[in-house]
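**Q** Here's the feature list from TrEMBL:
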DOMAIN    47-121  domain 'Ig-like'
DOMAIN    135-216  domain 'Ig-like'
DOMAIN    227-308  domain 'Ig-like'
TRANSMEM  317-342  transmembrane segment
Amino acid sequence: MKSKRNERVVRLKDKIIFVFSVFRVSGGDGQQDWEVKYSPSYVCALKGSTVKISCTLKYPSGYKIETVFWTKPAVPDGDSPNLCLVPQKSGRVQCDRENNNTYSITLTDVTEADKHIYYCRFTTNLQGGKWTGIPGAQLDVTGRVKHGASNAKRESVTLTCNSSCSVPQQTFIWFRNTQRLTTGTITENQLQLQSVSRNDAGNYQCAVSGYEPLISPPVYLNIEYPPKNVSVSISPSGVIVEGDSVTLSCSSDSSPPALIFSWFKENQSSAVGSGQSFSISSFNSSHSGRFYCEAQNKHVSQRSASVSRSALQTVTWTVVGLIFIIIIIIIITIIVIIIVFINKHKCRIS
């Protein structure tokens with residue numbers, strides 16, 4: 001008796017090429033075909049999912065099938081195990097007869113330990129009539145899905161979610177900062193964000209619908225943009241007395257953060273200071289004017305609005321003294337008027 005293998009190649013829509021073999025046996029008394037077909041011949045499943053594999057048997061007339069079971073590669077010192085009876089898989093493995101010549105094995109809550117080539121083995125009523133369908137059906141198990149994201153500098157961003165194998169009829173869902181996304185365009189395993197802004201920054205994760213516990217690790221999407229909302233604050237606020245120490249602080253919103261700050265005074269071409277804070281230790285009238293800052297990150301620089309001149313007007317001690325004298329004079333005048341009024345009132349009574 002001799003045997004030969006006829007290989008067939010099937011190209012599916014997802015461009016994964018599956019190769020399966022048909023095992024044929026011919027006897028000396030004429031052509032007699034034996035055949036085992038697997039459906040599917042390759043399965044890649046997410047950890048925790050349920051997988052079903054079927055085999056269809058074809059054998060010559062005159063033979064009678066006595067037993068059919070599923071097995072994996074034989075151990076070196078014994079027969080191939082009957083997976084339908086393995087105690088460790090009890091409750092997770094179910095073997096069924098679909099019809100006269102089709103048998104199935106269903107594995108629930110699959111783990112990476114279930115990654116094997118599964119064979120359909122059967123025995124007949126004739127001596128030596130034990131056959132194993134070659135090459136079997138291969139099962140791969142993927143633990144998680146994953147995706148990559150990094151810095152985004154353009155108006156649109158596309159994030160791609162990948163699993164280590166192609167799971168049929170999978171629907172991907174996306175999360176930002178653990179909240180499921182309701183914005184963006186999801187096409188198969190891609191999320192497209194249009195007109196991205198700083199609000200789109202955050203930790204992104206993806207998962208296959210129905211298998212949310214297998215969500216991908218978070219990956220931070222950083223949205224880069226030039227400085228915005230550049231502003232100047234003054235300390236102390238309010239009226240500045242000559243000789244006071246004055247500090248101007250520059251703030252901005254940018255990604256990456258602005259690292260270069262320059263200070264300018266209107267009507268002067270060159271910078272008067274640098275750094276996020278600019279201090280004047282002894283403020284006087286020569287410092288009065290309109291100040292502004294420029295904040296710069298690696299993209300571009302942006303200037304603030306000028307600080308109002310009124311916020312930096314100098315008040316000298318002379319002016320303060322004059323005001324004090326005027327107040328004293330007013331108080332004395334009021335007192336004199338009151339005394340005169342009281343004296344006049346007493347004279348009238350007497």
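For all residues, glycine too, the Cβ spot is worked out from N, Cα and C.
Annotations in TrEMBL come from automatic prediction, not curation.
Would you situate these features in the structure and describe their surroundings?
**A** DSSP places the residues of the domain 'Ig-like' (47-121) in helix, strand and coil in these numbers: 9 helix, 32 strand, 34 coil.
Looking at the domain 'Ig-like' (227-308) alone, the prediction's average pLDDT is 85.
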**Q** Are there residues at least six beyond either end of the transmembrane segment (317-342) with Cβ under 8 Å to its Cβ atoms? List them, or say none.
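**A** Same-chain contacts beyond the ends: 241-242.
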**Q** Across the domain 'Ig-like' (227-308), what are the DSSP residue counts per state (helix, strand, coil)?
**A** 3 helix, 42 strand, 37 coil
